[in-house]
Structure formats: C-alpha cells, structure tokens
Amino acid sequence: MLVLGIESTAHTLGVGIAKDQPPYILANERDTFVPKEGGMKPGDLLKHHAEVSGTILRRALEKANISINDINYIAVALGPGIGPALRVGATLARALSLKYNKKLVPVNHGIGHIEIGYLTTEAKDPLILYLSGGNTIITTFYKGRFRIFGETLDIALGNMMDVFVREVNLAPPYIINGKHAIDICSEKGSKLLKLPYVVKGQDMSFSGLLTAALRLVGKEKLEDICYSIREIAFDMLLEATERALALTSKKELMIVGGVAASVSLRKKLEELGKEWDVQIKIVPPEFAGDNGAMIAYAGMLAASKGVFIDVDKSYIRPRWRVDEVDIPWRN
C-alpha cells in the first residue's frame with residue numbers, strides 16, 4: 001500500500017509518501033512560510049501554500065521514485081488548524097482524489113504527530129506529550145481513543161514562546177541553527193524572575209505568564225526574562241506530566257510536536273525519566289515539526305481499517321480534537 005499525505009494546517013505545506021512495510025516513509029517534502037514581520041496571517045498562508053503545493057507534490061513523488069498513478073490512497077489533514085491554510089491542502093487532496101480516482105483518507109493533524117511518534121520512537125504504551133505551536137496536550141491511548149489527561153486552558157506552549165520572541169523582536173526567524181530564539185536568548189540569562197506559575201490539576205495556563213513576561217521588558221534584562229519564561233513554562237509542563245504519570249503508572253513518556261525539538265526541554269525530561277524510572281521517547285527533529293510524512297503514515301493506518309471519506313463530505317475541521325477521533329488500528 002502506498003499513501004500520499006498532505007499537511008497544510010498552519011505554516012507548513014508538506015507532502016509525504018508512506019508504504020505499509022519498512023522503511024515506511026519514502027518521502028517527506030515541505031515548504032514552511034516565514035513571515036517577514038508579525039505573526040501568521042491566514043491570507044498569507046493561503047497564498048504561500050497555493051504557490052508551493054505543486055512543487056512540493058512533484059518533489060515528493062520524485063523522492064519516492066514513483067508516479068501519482070502508483071499511489072493507492074490520498075490522505076489529508078482536515079484539522080485542527082487555520083481555516084484558509086487547511087483549505088489549500090483539502091482542495092489539493094480532493095483534486096487528486098477525483099482526477100486519479102483515489103479514495104480519500106481523513107487525518108487529524110494531532111493523530112499524525114502521535115502516530116509518527118510511535119513509528120520513530122518504537123514506543124509501545126506511552127503517556128504522550130503533544131507539544132506544538134497550537135497544542136499542549138497530555139494524553140494516552142485507552143479503549144479506542146486517545147484520552148486527554150491534561151491540556152492548556154488557553155494558549156499553547158509553543159505559541160506562547162513564539163509570541164514572546166516576536167514581541168521583543170527576537171523573531172522571525174523563530175528557529176536558528178536548530179534552536180528556538182527563546183533558547184538562544186536564555187543562554188545568557190541566569191536570574192529566575194517572579195512570574196505566574198499556573199497548574200490546575202493536570203491542566204496548565206500560559207497566557208498570564210506571557211503577559212507578565214512582556215510587562216517586564218525594559219525593567220529586567222531580556223536574557224533573564226527569556227530564561228525565566230522558558231524555565232517556568234517547562235516546569236509547569238513537568239508538574240502536570242508527573243501527576244499524569246502517577247495516575248496512569250506508564251513506564252514510557254513519548255514527546256511529539258514541534259516543541260519536542262527543544263534541547264533544554266529534553267534535558268529536563270531526561271531528569272524526570274530517571275526520577276520516575278520512565279523511558280523517554282522523543283520524536284526525531286525531522287518529524288517533530290509539521291510534515292506530510294506523518295499524515296501519510298497515519299492515513300495508511302486509517303486506510304488499513306477502511307477509514308475513508310467521500311470528497312463531498314471532506315470538510316475542514318479547524319477545532320478537531322484528538323479525543324474525538326476513533327482509532328480502530330490500535331488495540
């Protein structure tokens with residue numbers, strides 16, 4: 001089985017190709033929109049994705065050394081995400097499905113992150129941290145679905161850090177030589193400032209932390225503010241994670257999503273793993289951020305269980321939660 005996956009939920013237009021036997025991932029091509037200033041504007045995302053989609057599709061097919069006719073199914077991330085960006089991927093998927101008579105497979109973006117994590121880390125039964133620009137979720141698989149034990153009550157961890165570095169003119173670009181701008185700034189910081197620390201059970205709130213940190217700009221050294229906001233945010237996440245570990249008794253902790261690439265977070269998680277006797281499984285950097293390969297792979301799993309959608313019913317779902325998705329391919 002060969003499945004072509006299309007990702008366009010936010011700043012990345014990605015096309016991946018997966019097959020149902022090793023090495024599983026045959027291609028993982030993408031192009032990421034980087035705004036010259038400010039945040040991501042939906043109209044700019046739509047224009048970018050529409051302009052690069054054809055090129056990325058061709059590159060993926062060339063990388064896999066196959067033609068579109070060799071593909072069995074078309075998988076597409078229908079949500080969650082930014083509406084105009086989602087529509088580009090959905091439109092491309094529908095066009096390919098109709099033109100080449102290929103069945104369409106609906107994929108939840110978060111499930112894509114989680115399933116590529118299972119594949120690349122070889123985790124068996126983990127507690128999962130799904131950390132990205134749009135999501136901060138603590139979950140695990142139980143009785144047919146991924147059940148959420150904790151999540152952000154407002155903005156996501158990744159988004160909070162992106163907004164801060166943008167507001168203080170440290171970004172864009174957000175990632176420099178594999179490091180987030182807040183990590184680079186934090187390297188010269190050492191003073192832990194007083195900032196809000198909000199954990200409610202296994203849920204977290206980052207909006208107050210962001211607001212308070214921005215109010216300190218000009219009053220404290222920027223390096224100390226970066227250091228403090230990062231340390232406090234990560235410690236909040238770790239406290240909520242420890243509670244979930246105590247509740248579930250899991251012996252594996254899998255981290256997926258763009259924030260999984262953070263070296264500083266990795267160090268904290270390794271310490272937590274030693275303390276709790278838990279194996280830490282972190283998705284490789286090339287699959288941490290948004291990508292088409294994860295959509296192709298999750299789509300392959302879904303297709304293997306007959307999960308398809310009619311083209312005329314393939315609506316985008318900007319607020320589609322991972323705990324709303326049935327997972328028939330997992331026992």
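Placement of Cβ uses the backbone N, Cα and C atoms for every residue, glycine included.
Swiss-Prot lists Tyr130, Leu131, Ser132, Gly133, Gly134, Asp183, Ser262 as binding substrate, and of Asp162, Asp224, Asp235 the one it places in that same site is Asp162.
For the Fe cation site, Swiss-Prot records His109, His113, Tyr130, and the single candidate of Asp290, Asp310, Asp312 listed with them is Asp290. Around Leu131 (substrate binding site), the same-chain residues at least 6 positions away in sequence with a Cβ under 8 Å from its Cβ are Ile137, Ala156, Leu157, Gly158, Leu237, Ile255, Val256, Gly257, Gly258, Val259, Ala260, Leu265. Each residue in Thr9, Gly110, Gly112, Ile114, Ser132, Asn135, Val256, Gly257, Gly258, Met294 lies on the same chain as His109, His113, Tyr130, Asp290 and has a C-beta within 8 Å of the C-beta centroid of that Fe cation site, without being one of the site residues. Per-site Cβ counts within 10 Å over the binding-site residues Asp162, Asp290 peak at Asp290. Separating the Cα atoms of Gly134 (substrate binding site) and His113 (Fe cation binding site) is a whole-number distance of 12 Å. Comparing C-alpha positions, Tyr130 (Fe cation binding site) sits nearest to Ser262 among the binding-site residues Asp162, Asp183, Ser262.
Each residue contributes its Cα atom, and for Asp290 (Fe cation binding site) and Gly133 (substrate binding site) these two points are 10 Å apart. Cα-Cα distance from His109 (Fe cation binding site) to Ser132 (substrate binding site): 11 Å (rounded to the nearest whole number).
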